[in-house]
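Report on the structure given below.
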Amino acid sequence: MAQENYSCHYDKLMGFFYNNTGIEDKWDKAQLILAQVVGSLFCCFILLSNSMVIAAVITNKRFHYPFYYLLANLAASDFLAGIAYVYLMFNTGEVSRKLTVNAYFFRQGMLDVSLSASLANLLVIALERYISVMNWKVHSNLTKRRVTLLIVLVWAISIFMGAVPSLGWNCICNLGDCSRLAPIFSRSYLTFWSGSNLVVFLVMVAIYMRIYTYVKKKTSVLTPHTSGSINRKRTPIKLIKTVMVVLGAFVFCWTPGLVVLLLDGLNCKSCMVIKSKRWLLLLAVLNSVMNPCIYSYKDEEMWTTIKNLLRCIGNGTRRQRSSKANTRPLSSTQDTGNSQPPSEEMKNDDQSILKA
């Protein structure tokens, strides 16, 4: 048995690894269909709303600043999360037991990449806000080139983090180290991944606490010396509030899941990690639903731009329908009403017939 635990099993289906953990996580058929239907509706909203946020940043020149470019990149990570959730929903339950090792790595990798990208984006946005607020400016002085490099770096790190288990940090050759939530992920990897993400959460909270105390101190100093001009300086504070709400929603939705992953990585036998898995996944889906709603609610310009885009799409659809109606071939009855007048040759022929 010990020799089997230390031999590699890349040729096995996922059912072999689920049986190894001894965990029964079967879905009721009706429950699975309901989850797929509701989840698909959520995912459609995630894909549509986040694509509208990205389009709003691209089309509105008022959003051509580092903060909004990074916000659009955060929406792109949520868009990827929507695709990952759709793939997960239709490859779960009994289907997950029939997946190959590579298919399972792909399924979980997309989720890990989207989460890592969201987290890295929030960290970069926190640093951008820190730079701008410390200089008491609405937007930082980051050039487009630097912002582009930051975005590329975010995705490079995220893709690497999502690919780490498939690159070798797994339990396929050591079944005794397999976790229960992810049967081919080693417990050491889950401990590292969840622990590092929780540390990044604490770093971001510390950054925003520093920003908040600085802004509060700055406004208390400026208020006695300014009457109405201080209101114009509230714009950077408004952007900070937007990001703080997004960060708060992210921490609220993802912290329970990361804590459960950490407990599983630490091999907590008494912890009910399997029973809470579905609810924690629902919380993760809700986070991607909430983000575009937060952008629109906290930023009036963003909501106005999205409404204008929706109107343009609606008007374009109506124009397309009307143009198709105008290009339809006319029926024989319609042809008589729009027929051309007879030519001179036809008139002459008619007159000769009458004379005859």
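A Cβ is built for glycine as well, from the same backbone N, Cα and C atoms used for every other residue.
Caution: TrEMBL annotation is automatic and unverified by curators.
As written in TrEMBL, here are the features:
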COMPBIAS  323-342  compositional bias 'Polar residues'
COMPBIAS  344-356  compositional bias 'Basic and acidic residues'
DOMAIN    49-295  domain 'G-protein coupled receptors family 1 profile'
REGION    319-356  region 'Disordered'
TRANSMEM  33-58  transmembrane segment
TRANSMEM  70-90  transmembrane segment
TRANSMEM  110-127  transmembrane segment
TRANSMEM  147-169  transmembrane segment
TRANSMEM  189-209  transmembrane segment
TRANSMEM  239-259  transmembrane segment
TRANSMEM  279-297  transmembrane segment
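Counting Cβ pairs under 8 Å to the transmembrane segment (33-58), the stretch among 70-90, 110-127, 239-259, 279-297 with the most such contacts is 70-90. Between the transmembrane segment (189-209) and the transmembrane segment (110-127) there are 3 or more Cβ pairs closer than 8 Å, counting only residues 6 or more apart in sequence, so the two stretches are in contact. Residues of the same chain lying 6 or more positions beyond the ends of the transmembrane segment (279-297) and with a Cβ under 8 Å from any Cβ of it are 39, 42-43, 45-46, 49-50, 52-53, 71, 74-75, 78, 81-82, 85, 88, 115, 242, 245-246, 249-250, 252-254, 256-257, 260, 303, 306.
For the transmembrane segment (147-169), the list of distant contacts is 66, 69-70, 73, 77, 102, 105, 108-114, 116-117, 120-121, 124, 184-186, 188-189, 193: same-chain residues at least six beyond its ends, Cβ to Cβ under 8 Å.
Here the domain 'G-protein coupled receptors family 1 profile' (49-295) returns a mean pLDDT of 86 for the predicted model.
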